[in-house]
């Protein structure tokens, strides 16, 4: 009976830890705790209505002046009103158990339905903690990367000067990026905001990674169909080490038509891996200051060679 | 069999959510509520702005209606799938039990509030029903009354529109009576359900609201007293699945 009791106690402690949610400032808890509430349940108040949050995000460019951290002040304001625990506006604190469940669920759903980009994002957030720390430290060591971390630029339609980009010379990064958006009919604003990362700076790093993803498509010359996405994932896996990229690179081909596999395996993946190894960390590039740079020159700087093109037109997904 | 057909209708209950009431008669009589026979109700003045709960958040009473509306607007598309996933299909058994308790027969005038889709429906507010007094034989509400801002008003309205001898039936989440199951239920509610909501429906927050609103709803005895306060008599309740849900029943005598 003694051993059983000990095991039960251990199990109970483990369960409590697994279900306990991260809270940076416990003492400031202001939300009342309902009586009927078990220990494993949430203690925080919830983020305000989705509409209000979206409106705020749309109206406020996340570019605080150097030295002044606007997002933190915003969190304090929300904290005072709604209870603390939110490190950034979209933050949803999650327990270790929830992260495991989310990771497993999002991985399965992303494989089942590759059009669920939000699931790929969630997978990245829930599994990327270690890799994001490494990336953040790498950015801090690089002067351009450190500037990005300091200034926190965002690639959104609201922050891009589209007219200026269109007026840039042919072959420049800005022009090619716009062309990529037009040809593939995508917009930088479709990126979901980070929610499940429990560190405000790392949340920005993953957000930056997501926004740079389109840049990588432009740099590598890959379209946004399944094949192109897998190639970019291989490049990103080598570059960032994010588990989500590794998983996507390894398991993505399952969803690919078998006729494309030979091209992928023999030409595209080796090229992507080599380019990823040669290039410095792509998150250290301040793209917003490089719009005028010719794409060819940027590719040379990074050591990215021309992509191996198939003999016919690009295969349909 | 009439009850079987109602069961079939129940299974489509939540397909499209809105603050909709379903008013239908079982086969036997033609619909008695066509057109202007309902009687218009005047909307009362706006209530005083006080605070209430929205899950574990505190909001003003004015805000709550809108926020709940947005939650259900958001979950409507995947409502049935999510119900099946979250309860592993058991919600169908609960609803079947409710119908069994009701034992409707041809000619029963039934009002189902917050019912989603149905045969003939009316858009309205549970706190101010657009029906005359003493109209219905049975008033049912399944998993809807929890989301109403003023539950007591909804109960009073239920009392008003029921005929003398009419029955009020409510199927709603309630308090679990077993401590071990309660712990497991809390674990499942708060750890798994929002994750399910995110993975299947892409909506964490609505399902977080769902499990929080369940905790904010009064337990069986307290809800029974609220029903009695609204004027109902012979109020009883039956807990199902260890108290995860309960069916409350009352009569207008």
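Keep in mind that glycine also has a Cβ here, set from the backbone N, Cα and C atoms.
Automatic prediction, not curation, is the source of TrEMBL annotations.
What TrEMBL says about this protein:
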- A:213, A:214, A:217, A:229: Zn(2+) binding site (BINDING)
- A:1-18: signal peptide (SIGNAL)
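Structure coloured by features recorded in TrEMBL.
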residue: A:213; record: Zn(2+) binding site; Cβ within 10 Å: 18
residue: A:214; record: Zn(2+) binding site; Cβ within 10 Å: 22
residue: A:217; record: Zn(2+) binding site; Cβ within 10 Å: 22
residue: A:229; record: Zn(2+) binding site; Cβ within 10 Å: 22
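When secondary structure is read from DSSP and collapsed to three states, residue A:214 (Zn(2+) binding site) falls in the helix class. Within 8 Å of the Cβ centroid of the Zn(2+) site, not counting the listed residues A:213, A:214, A:217, A:229, the chain contributes A:215, A:216, A:222, A:224, A:228, A:232.
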